[in-house]
Ligand SMILES: O=C([O-])CC(=O)C(=O)O
Ligand SMILES: [Mg+2]
């Protein structure tokens, strides 16, 4: 380890003349005086900490910092202001025309200059989210082995049974870990089984915790459970980063995940938030119910998407001025998203006084076998109330003609499922038909924004899981909404972590849906927008975070003693600082971390030698 020693600073020899030193934004008239006052300081700081992602200010180190940290000369004379640093990043970003190349650049940026990275993301949400998150992150996961460039999270393989704790403790921020996003990579967006490449999704989700909800990255741990992959092409890919085995299944798989969950709370405490992401649908549901009330956990694809789905439906209710219970809603698909939305929608309708049967009456479900009817084979128990007493209908087009839905929701990964005929039929029957194409990434969308607007003569209230640009139609600019769980999970997680809750009840997802639906203004609604623009996703996260925290406090689920009125300030005070403080102060905060035993021994040894 290369420890940098700053002894007596040596300013007479090392300090360049501040009058002649090149600085773009700062002058240093007091530099020599200030440094002279600390002539007797003895500071030893490992070079890799100074230049590691967290504290590395790149060309923003002041001359004094360069001197005192012993990095003077390791960088050119120019001292960049924050704006100049952002300009440099933006210029690099735009120098790449391909989205995956931009993704690759941003990964490298995060690894070397974490704070600059998050500042850039937070200042350019609209530009950057489609790269570090959906849809590009999905594409990047398909070639993740090629893009791989070092530690981004913890990989736990099936061979780590019995010593998962040691693996978790290898994480550099182990002493601060408060939340984990875990995937086993079996259902990455609509792209299927990508095995250990799924790590990219866990990383992307947690980056939104920071960029949108201000949660410090040092508290976060992305995890990929490598239980193998059944994707044969990955077994044969020489750049694949995971185990080239078939997936664990059955009891072996479940007990592996059980051991992981137990080890997490044993290592980091009961309040550790565990976010499940992109598990195959049956496993996602199984774990959600298996761990109910045992852990502080949620499934984003079921519950996060449900909050955003219901939020959108409430928005349609605001536009159409027709109660949700009176809308005819057709769901295409029976995966995590559809099941989650159905659950939350029913909860909402029942809370309005409808019986379960009344709530289910206008809801139709269509999957690979066609319309769900009372005669359908193998009806899942929780879907039976939606099974209709009708003749089987295999074609979605025929079904739309028959039941005339006012809202059509797709989460099928079947690109193009919403055909021209379907969209025209909806527009013929309804003034403002609601169309949701939840499937991600863009290549899996059930229809495009252009198709939805064109085929509905501009009437559709269209939203999609992936971002679509606005469309010009008959001289009007129509802007689709992004029906993506990024409008729910950052805020829900923020509220839960703020109060150190040990559970995440379903009510917080319902609450998030209502908060989200209140955000669009009347003007937004007039323009057919039921979701806020993605650039205000951080305001959405804060609003939801505050309400979720208050709910948890008021319902006795908070471990942190916090008054509901203090929530907002507490969040603001603890939010990740995008500004660098003094690099000296920043570096000094490192010793607070529990030292890695091997590093501590090495440090001692070096001290002895001095
Ligand atoms: O990641 C996203 O954009 C939304 C999501 O959870 C999924 O599609 O699985
Ligand atoms: Mg997902």
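Any Cβ shown, glycine's included, is placed from N, Cα and C.
Checking TrEMBL for transmembrane segment across the ranges 289-307, 308-326, 327-345, 346-364 points to 327-345. Of all the recorded positions listed here (133, 205, 277, 278), 278 has the Cα closest to the Cα of residue 187 ((S)-malate binding site). In this structure, the C-alpha atom of residue 301 (divalent metal cation binding site) lies 11 angstrom from that of residue 440 ((S)-malate binding site).
Proximity of the recorded positions (187, 205, 301) to ligand 1: a Cβ under 6 Å from the molecule is found for 301. Taking a Cβ cut-off of under 6 Å from any atom of ligand 2, the recorded positions 133, 187, 205, 301, 440, 484 reduce to 301.
The Cβ of residue 278 (divalent metal cation binding site) lies under 8 Å from the Cβ of 183, 185, 186, 187, 188, 189, 198, 201, 301, each on the same chain and at least six residues away in sequence. What surrounds the divalent metal cation site, by Cβ distance within 8 Å of the Cβ centroid and not counting 277, 278, 301, is the set 183, 187, 188, 201, 276, 279, 284, 299, 300, 336 from the same chain. Taking the C-alpha atom of residue 440 ((S)-malate binding site) as reference, the shortest distance to any of the recorded positions 133, 205, 277 belongs to 133.
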